[in-house]
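Single-structure report; data block below.
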Amino acid sequence: MAHPSQLGFQDAASPVMEELLHFHDHALMIVFLISTLVLYIIIAMVSTKLTNKYILDSQEIEIVWTVLPAVILILIALPSLRILYLMDEINDPHLTIKAMGHQWYWSYEYTDYENLGFDSYMIPTQDLNPGQFRLLEADHRMVIPMESPVRVLVSAEDVLHSWAVPSLGVKMDAVPGRLNQTAFIASRPGVFYGQCSEICGANHSFMPIVVESVPLEHFENWSSLMLEDA
């Protein structure tokens with residue numbers, strides 16, 4: 001999860017997020033090189049008293065600085081489009097979960113099971129246990145099996161919400177009357193935190209998302225216990 005004074009992204013916990021981090025570094029390096037070149041040219045133009053009539057009016061240079069930006073844009077656009085299609089790909093999910101946004105909490109329904117669903121509320125500060133995170137902990141976590149494709153159906157019951165978990169590379173708007181879907185694969189076990197990313201009202205910042213990735217055997221034990229309690 002994020003920590004104070006962090007400048008970069010959270011550590012990737014899914015293949016898509018790893019691709020997004022690689023693309024971010026790729027684009028940032030291009031921006032850095034362009035910025036360095038432009039800064040050098042500005043300093044050179046301001047500081048020198050020399051002029052060259054072949055540079056002041058040169059057809060070749062104009063061709064270069066027209067073609068070069070087009071090539072750079074292609075180098076950025078192609079990997080960007082690839083990741084865009086990867087994020088939209090949903091191949092044979094092993095588990096489908098419906099996440100419903102309310103004012104101001106989330107409810108989850110495991111649609112592959114007959115009666116497995118629960119509401120997820122933020123734990124108040126005074127009820128937190130040592131080591132738990134303020135404003136990020138929920139009383140019920142969305143438990144998923146590790147290394148399995150998971151599809152999440154996202155909607156809302158009242159106003160616009162947004163289901164977002166940065167370390168998984170997932171962000172999907174929850175729109176009343178509309179069912180959106182997204183998918184991800186948690187590549188390692190752990191607990192991943194997110195929050196509603198749409199300004200949905202007074203308690204907008206108090207509806208956290210907690211996704212717990214566990215081995216398949218542990219997930220089966222958890223689902224059996226939840227069904228028994230239901």
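Along the chain as shown, residues are numbered 1 onward.
Placement of Cβ uses the backbone N, Cα and C atoms for every residue, glycine included.
For 1-91, the entry in TrEMBL reads domain 'Cytochrome oxidase subunit II transmembrane region profile'. Positions annotated as transmembrane segment by TrEMBL: 27-51, 63-85. Positions annotated as domain 'Cytochrome oxidase subunit II copper A binding' by TrEMBL: 92-225.
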The domain 'Cytochrome oxidase subunit II transmembrane region profile' (1-91), counted residue by residue under DSSP: helix, strand, coil: 66 helix, 0 strand, 25 coil
Find the average pLDDT over the domain 'Cytochrome oxidase subunit II copper A binding' (92-225) in the predicted model and report it. 94
The domain 'Cytochrome oxidase subunit II copper A binding' (92-225): DSSP-derived helix, strand, coil residue counts: 19 helix, 63 strand, 52 coil
